[in-house]
């Protein structure tokens with residue numbers, strides 16, 4: 001049972017039968033969708049649990065992404081055009097958690113959004129901007145690896161100018177999409193348990209609903225399709241290359257044409273498949289629930305509770321914790337530099353899989369010549 005004597009509901013004392021929508025301060029009451037009037041305020045226990053989880057995720061994300069940025073920018077061998085996409089991913093993830101998790105924890109302490117309408121809109125804009133940039137940074141990384149491994153030396157080399165241009169384009173387009181709700185195409189409103197703000201996916205008119213549909217194509221469907229396309233062709237190229245290597249070794253009556261037996265336990269194909277699977281799965285698992293919540297809202301196909309919606313939002317942000325691990329620790333030179341600069345964080349064993357992937361990439365490029 002919810003008790004209004006608890007600190008986080010102090011502003012509701014003296015009022016009975018309060019709905020979730022009525023629990024917000026008067027200055028943002030006009031922003032709350034009528035859908036939330038059917039719900040009572042959540043149990044205080046859930047505010048504590050969500051606050052604890054987002055705090056842990058926030059600290060891990062800030063620390064992990066800061067280390068990735070530091071390592072990739074401080075080591076000269078890592079300052080390559082391709083790695084600019086990794087640094088950009090780490091920066092956008094860092095900024096997303098830096099702007100997202102403190103307000104959720106603070107508002108969770110009070111049991112509602114207390115920061116006013118302007119900060120609600122700014123919170124929604126930051127979440128949209130940095131989330132969109134992170135997703136498209138992952139897409140740029142996937143496509144760059146596709147060009148390196150599949151096209152080989154036939155590709156046009158990526159220059160710093162080209163990398164900067166792509167990043168500027170992504171930031172510009174993502175900023176445009178994030179600003180649209182601020183100027184009338186949809187809007188940013190309190191959502192879930194009223195401790196976070198996002199796009200209004202309960203809008204009744206199709207003008208505002210269309211923003212969710214079109215935006216999801218740009219920020220979800222197109223990146224997902226591109227990532228799957230890139231890794232599918234990467235695995236296909238490696239499979240063909242490995243088959244050719246085995247046939248050549250059989251003709252020469254040798255066990256292997258490789259200079260090392262690092263892949264004795266598992267083939268390069270399996271190692272690459274695992275990396276690709278983890279990469280796509282983490283992204284897909286993190287953002288799909290929140291995408292479903294948005295579509296369920298605009299099509300009124302599910303009875304969304306405050307707890308389910310805020311959990312979907314928090315779960316999507318958890319991807320910012322995984323990205324430093326996937327894109328940092330899988331880099332062939334990252335762990336070596338990490339061991340030199342921050343030995344307390346370095347793993348004990350070398351990243352054999354990364355070395356094998358690098359060797360496979362070089363061999364494919366050589367065979368393409």
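Every residue gets a Cβ built from N, Cα and C, even glycine.
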May I ask you to indicate which of 275-298, 299-322, 323-346 is given in TrEMBL as transmembrane segment? 275-298
According to TrEMBL, which stretch among 212-235, 236-259 corresponds to the feature transmembrane segment? 212-235
Positions on the same chain near the transmembrane segment (122-143), where near means CB under 8 A and six or more residues out: 82, 85-86, 88-89, 92-93, 95-96, 99-100, 103, 115, 166-167, 170-171, 174-175, 177-179, 181-182, 188-189, 196-199, 218-220, 222-223, 226-227, 230-231, 279, 283, 287, 316-317, 319-320, 323, 327
